[in-house]
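What TrEMBL annotates here:
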type: DOMAIN; residues: 16-331; note: domain 'Acyltransferase 3'
type: TRANSMEM; residues: 21-40; note: transmembrane segment
type: TRANSMEM; residues: 46-64; note: transmembrane segment
type: TRANSMEM; residues: 85-106; note: transmembrane segment
type: TRANSMEM; residues: 139-156; note: transmembrane segment
type: TRANSMEM; residues: 168-185; note: transmembrane segment
type: TRANSMEM; residues: 197-216; note: transmembrane segment
type: TRANSMEM; residues: 223-241; note: transmembrane segment
type: TRANSMEM; residues: 247-268; note: transmembrane segment
type: TRANSMEM; residues: 280-304; note: transmembrane segment
type: TRANSMEM; residues: 316-337; note: transmembrane segment
Amino acid sequence: MGNAVRAGAMAGGRVVSLDGIRGIAALFVMVYHLPTIFGFHVPHAYLAVDLFFMLSGWVMAYSYEERIGQGMAFRQFALQRFARLYPLYGVALALGFSFALVKYLFGTPTAATLACIVPNSVMLPCMLDDPENFPLNRPAWSIFVEVAINLCWYFVVRFGMRTMRWKFALHLGSVLLCWGTAYMVERFLRGYTPADVTEGLLRGLLGFSGGVLLFYCRKQAWILAYFAALSLAILLVFGLKGRSVELMLLAFVVMALFPALLWLLAALRPAVLEGKISAFLGDISYAVYLLHVPLGLILVNPLLRLVPGAGLVPTAIRAALFTGVLIAVCSLSYHWLEKPARRWLVARYGKPGRPMGAAAAP
């Protein structure tokens, strides 16, 4: 997630509508993770992560592929990704650690969770005895996937594998790996526990490679037929082999609906998603994604005491209060933490005169 482009698009690359849909998806993830505050559960809202990966591929292709192909150094690329992703990641991790530490001091057994600060602080999954690989901030597993795929993608581009043939090969390979694994385990892939780190990487590769492909085919409508054909093939195989209807529907959403959504938004640029609200949602989307869990853990009990009751009205009031606080905090984060930290890090450690480029965290 990164700076929204308020002019609609830059050289046909970034589109405000895509920033807006990223912000909306982050809000869906927020509701999914915090049913105690919002009073209801959004089934399968975790699929927003797969949409984030696809958006990341689009934005990275636009922002960096040409520059990498022209000789952008790995150090400079890694610095720009670090400067965009880590400052807020570090703050969110510190909030999660502080909450877990307080629980531990009051007698809750969270020693394994606290120990995860070591690998998590360098954006690596925790493989200790804990049900999640990023227990201090649950959504952070996808940031690890984002970073891993970004760094690998740099070398793919740097070593000349930039033709459309390579892009299709990478995407088709990721389709086989991702859905082949889903076929074998008979469920949608995860990525947030120590046992399924590889599954998360496969989900990320599938979405990222699809996003890269969509960017380069953003003016060719036939690309929708390509994704639809892949979706149909997966549904056919899964149906013949007796896989669940739920898994088939999830495959349809990820393989056909999401690509069509991004392509159509980029092609049509609907006015409702091209204004200041959409740009604002894009600005704060990364903060919404990383801060909603730690803030939810901190605020849930105060909200329940402030507005007691289980009915529709008290639940709606708690949800509105939390959402308002979160949006305010995320706006402050974007303007007073993310942008200044990024500028300072790139100016301090980067090469003079090199532009920062766009960012694409989930």
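Heads up, the Cβ atoms here are built off N, Cα and C, so glycines get one too.
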Item to check | Contact between the transmembrane segment (247-268) and the transmembrane segment (46-64) (at least 3 Cβ pairs under 8 Å, separation 6+) | outcome: yes
Next on the checklist: Six or more residues beyond either end and a Cβ under 8 Å away: which residues meet both conditions relative to the transmembrane segment (280-304)?
Outcome noted: 1-4, 16, 18-20, 22-27, 29-30, 33-34, 36-37, 52, 88-89, 92, 95-96, 99, 137-140, 143, 318, 321-322, 325-327, 329-331, 333-334, 338, 359, 361-362
Checklist entry - Counting only pairs at least 6 apart in sequence, do the transmembrane segment (46-64) and the transmembrane segment (139-156) share 3+ Cβ pairs under 8 Å? => result yes
Checklist entry - How about the transmembrane segment (316-337) and the transmembrane segment (21-40): at least 3 CB pairs under 8 Å, pairs 6 or more apart in sequence, or not? => result yes
Checklist entry - Mean pLDDT for the domain 'Acyltransferase 3' (16-331), as a whole number? => result 95
Next on the checklist: Counting CB pairs under 8 Å, which listed stretch among 85-106, 139-156, 197-216 touches the transmembrane segment (168-185) the most?
Outcome noted: 197-216
